[in-house]
Amino acid sequence: MSGFENLNTDFYQTSYSIDDQSQQSYDYGGSGGPYSKQYAGYDYSQQGRFVPPDMMQPQQPYTGQIYQPTQAYTPASPQPFYGNSFEDEPPLLEELGINFDHIWQKTLTVLHPLKVADGSIMNETDLAGPMVFCLAFGATLLLAGKIQFGYVYGISAIGCLGMFCLLNLMSMTGVSFGCVASVLGYCLLPMILLSSFAVIFSLQGMVGIILTAGIIGWCSFSASKIFISALAMEGQQLLVAYPCALLYGVFALISVF
């Protein structure tokens, strides 16, 4: 033990004191600490000047009852973003341009060739009805064993483009491509009847030829009547009916053969 005490005494320096080390390590708040010069002059009470003035206002006490809130706490009704409520917005079908009343009137105009066509309604660009009639025409051809959807759409596009160019040359007001496609599509309705007859019996006999000629005349007369009333082309119905008859004659050939 005497040797161990001598060893510990020799290990520490003569000027080193454990009491001085503990005082130097833990006395951070005193004036003699190593950090006293850096942090002693900082005033923590200065943080209050950065608080916004609105946050320092005292809150008003709630004077109402729990089950009967005052008017100040009544939530306001949300304001609409677009200025109008949802009840005032038009229906989705009207925004898409689908009007069942106009579709029905155009269909009746085609089914009654002698009926006077309304030019204001017929001048609209409505492609909902023509698309339905084109699909119905292709479906009836499919029932007859003729997969001709590509021919139907291709001939329809070429025919609409040709009639669009022709009517713009003949009329003074001009016409849009959508209006031409709409009228020609609606007048395809009698051709659906012809393709439906082809499902039941053959149209390659004399009866079929007469029926086919009547359907072609029906379609071309209805289309020319609508174009004349919509574009104010009085006295030119035969000139418009001839190219329409050529177009619907191609559809009739697809139905017969």
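Start at 1 and count along the chain as shown; that gives each residue its number.
Just so you know, glycine gets a Cβ as well, placed from its N, Cα and C.
Annotated region 'Interaction with Sec23' per Swiss-Prot: 75-106, in sequence order.
Annotation comment: Swiss-Prot describes 1-124 (among others) as topological domain 'Cytoplasmic'.
For the topological domain 'Cytoplasmic' (168-173), the model's pLDDT averages out at 87. What Swiss-Prot records for 168-173 (among others) is topological domain 'Cytoplasmic', and it gives a curator's inference as the kind of evidence.
Here the topological domain 'Cytoplasmic' (218-236) has long-range neighbours at 109-110, 113, 116-119, 122-123, 167, 170-173, 175, 179, 183-184, 186-188, 190-191, 242, 244-245, 247-248, meaning same-chain residues at least 6 beyond its ends whose C-beta is under 8 angstroms from one of its own. Taken from Swiss-Prot, the feature topological domain 'Cytoplasmic' covers 218-236 (among others), and the record attributes it to a curator's inference.
The annotation transmembrane segment is assigned in Swiss-Prot to 125-145 (among others) on the grounds of sequence analysis.
Proximity of distant same-chain residues to the transmembrane segment (147-167), defined by a Cβ-Cβ separation under 8 Å and at least 6 residues beyond the stretch ends, is recorded for 134, 137-138, 141, 175, 177, 180-181, 184-185, 227, 231, 240, 243-244, 247, 250-251, 254. Swiss-Prot lists 147-167 (among others) with the feature transmembrane segment.
For the transmembrane segment (174-194), the residues of the chain that approach it from at least six positions outside its boundaries are 106-107, 109-111, 122-127, 129-131, 133-134, 136-137, 140, 156, 159-161, 163-164, 167-168, 203, 211-212, 215, 218-220, 222-223, 226-227, 230-231, 244, 247-248, 251-252, 255, judged by C-beta separation under 8 angstroms. Taken from Swiss-Prot, the feature transmembrane segment covers 174-194 (among others), and the record attributes it to sequence analysis.
As annotated by Swiss-Prot, transmembrane segment applies to 197-217 (among others), with the evidence given as sequence analysis.
Residues of the same chain lying 6 or more positions beyond the ends of the transmembrane segment (237-257) and with a Cβ under 8 Å from any Cβ of it are 137, 141, 144, 146, 148, 151-152, 155, 159, 162-163, 166-167, 170, 184, 187-188, 191, 194-195, 198, 203-204, 208, 212, 215-217, 219-221, 223-225, 227-228. The transmembrane segment feature in Swiss-Prot is assigned to 237-257 (among others).
Counting residues 6+ beyond its ends, the topological domain 'Cytoplasmic' (168-173) has Cβ neighbours under 8 Å at 231-233, 236, 239-240 in the same chain. Mapped onto DSSP classes, the topological domain 'Cytoplasmic' (218-236) shows 14 helix, 0 strand, 5 coil.
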